[in-house]
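Per TrEMBL, transmembrane segment is recorded for B:6-23, B:61-80, B:92-109, B:145-168, B:180-206, B:218-241, B:247-268, B:275-294, B:300-321, B:341-364, B:376-396, B:417-444 (among others). Per TrEMBL, domain 'NADH:quinone oxidoreductase/Mrp antiporter transmembrane' is recorded for B:113-390.
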Amino acid sequence: MSAFDLIAGVLLIASALAAVTLKNAVHAGLALVGNFLVLATVYFALEAQFLGWIQIIVYAGAVMVLFLFVIMLLFDAKADVGAGRMPWMRPIAAALAAVFFLALAYAFSGVGPVHPLAEIKLAGGLPGPLGQLLYGPWLYVVLLIAVLLFAATVAAVVLVQPGVRGARKKPQVLERERELEEVDR
Amino acid sequence: MTTLWILFLTALAATFVGFFAPARTAKVFTLLGLVAALVSLALGWGEPLSAYGGLYVLDPFAQGFTLVMIVGGLLALLADCDYFQRKGWPPFEYYALVAFAVLGGHVMASTAHLGVIVVGLELLSIPLYALAASRRDEASYEASLKYFLLGAVAAAVFLYGIALYFGATGGFVLGAAGSGPIYAAAVMLLLAGLAFKTALVPFHWWTPDVYQGSPAPVTLFMATAVKAAAFAAFARVLAAVGLEGPVFYALAALVLLTVFWGNLTAMVQGEAKRMLAYSSVAHAGYIAIALFGPDPAPAMGYYLLAYALSTGLAFAVLTQLDDGRGVRLGELAGLWGRSPLLGLGWTVALFSLAGLPPLVGFWGKYLVFLEAARGGQYLLVALALFAAVIAAYYYLKLLGAALFAKAEKAEKIVLSGSTPVGIALATLLVVLLGVLPGLGFGLFTAANAIVR
């Protein structure tokens, strides 16, 4: 284990813990950005350079910025408003996380890599050799992901567009209707 | 290949045609596309087909499950006629989202590659998250949010399972030889992710809330097409892994928990959609029991078809009664008098779901239990049969609420548009396939070998 491994591991765990425990959602989001940046350096070290850059561009650059937009749009930075309905859940959640971690740690114990890394020509994980794979054996998956992104765009647009398309009702009318519904129940 | 392309072009056409034409036209396009996909499926029936370097495998197994998904999609579109108009919905995108979900299910069913399965799973799920919220009220939003959060977690579990599977076997294609604790962990994570989609207890917690909160036609689609897609992937993973040791006991525990929890909790519900949600949980248990047999695919496929027709019919009837707040049992009263077609459909659907002969649901149950018995799991079959008898209680309660209770409302229900066609067709098929079971089962006999 080199010094890089040690520092990267500590930083990864610390930033992930910060992301789940910090009370301020903006702080948590920024901790997650830090986590993604460290993760990208780990990818570089594992000879997955293109993936590392994509990780920075898409996750840290696009996804997390959308997250921060949403948090700030909704003024939701203070995350623990109204929390504490079930305080006894916290230790249980922590215990379950520990059990899951221990089970996986056991699964990984004594397992070496299936293919020794030195045998495979990773070529630094640059886009050149990666493109041969993406537009070769993985072409079907790439096409499907294009369809998936299109469907997700349609779904996201449908999800946020206002529902009623007819004439808009006045607030007083809506209020009266709601009262009538209450009486109905 | 043609089926895949037809489904894709249908979704694309339904997305864009709505820009130029009213929503009704988009609906007609989607219906025609689904029928065309059905025809192309029928033309190549029984002949395995493989494309894209083996990533797309349309074997008889995939054909059978795709048939069920298309039937579910057709029923959902036929039955929704007035439901959304009452609320000022749907925009034309509704039909495109249904078509994309069917495409996703088809992709998921017709591959043995884990990477393709997960993309298909997302292509199936993401439109459904939007569809679940499409009624624009609190119950609908809550259903969508729960479905999305739990679905995302399940997808993460499944993805982590894929990563471990790659770590243990060095490949993404199901059926690679593997062993050791890391392989076992991978299999457990894969099965847990898929058990969520198939709604097996204890991964079913989203089902009642989502089925109740979602708009009724969307619930119809979830209960039929989504279940078929999820079980297709579930069966492929299990067939590749083999049913030995811990996997065997895990599946047996899942099945027993599912049939008993689903049926017992359904008994105490007071709302028809929620009752049918728990009933669908229980039915997932019956489908999974076929996996203990030596040759589960035909029985599973036939059961899914039987279940899709019966539960699709039941939800199609509820679609006509639901005003967005669910259907209390009292609201079912006098159904026969208010609309004889709905009354007939409701009666036939419930008898079929309860598994009474001579309806299609009986043959479905008979085949899955026979399959498990051929695998030598007599105790499991006996317990599941016992649970099926418990289930008769709440099906008869639902039926009694419609038949014998005094009507709260007396006005007639007028069915419009394509709704009577859908309900009549489903009723006819449930009865016809019940009287002539060979007609339906003949479709699935070719699916005996699941491609690994």
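Using N, Cα and C of the backbone, Cβ positions are placed for all residues, glycine too.
All annotation found in TrEMBL is predicted automatically rather than curated by experts.
The recorded stretches the transmembrane segment (B:61-80) and the transmembrane segment (B:218-241) share 3+ CB pairs below 8 A when only pairs 6 or more apart in sequence are counted, and are therefore in contact. Taking Cβ pairs closer than 8 Å, the transmembrane segment (B:247-268) reaches residues 187-188, 191, 195, 200-202, 204, 208, 238, 241, 275, 278-286, 288-289, 291-292, 377, 380, 383-384, 387-388, 390-391, 393-394, 397 in its own chain, all 6 or more past its ends.
Counting Cβ pairs closer than 8 Å and at least 6 residues apart in sequence, the transmembrane segment (B:341-364) and the transmembrane segment (B:417-444) reach three or more and so form a contact.
Between the transmembrane segment (B:275-294) and the transmembrane segment (B:6-23) there are fewer than 3 Cβ pairs closer than 8 Å, counting only residues 6 or more apart in sequence, so the two stretches are not in contact. Relative to the transmembrane segment (B:300-321), the listed stretch B:417-444 leads the set B:6-23, B:218-241, B:417-444 in CB pairs under 8 A. Beyond the transmembrane segment (B:218-241), the same-chain residues lying 6 or more positions past its ends with a Cβ under 8 Å from any Cβ of the stretch are 61-62, 65, 68-73, 75-76, 79, 98, 101-102, 104-106, 108-109, 112, 117, 120-121, 124, 128, 131-132, 134, 174-175, 187, 190-191, 194-195, 197-199, 210-212, 247, 251, 273, 276-277, 280, 284, 287-288, 291, 296-297, 300, 304, 307-308, 311-312, 315-316, 319, 450, 452. With a cut-off of 8 Å between Cβ atoms, the residues of this chain six or more beyond the transmembrane segment (B:6-23) that come close are 29-30, 32-34, 36-37, 40, 90-96, 99-100, 102-103, 106.
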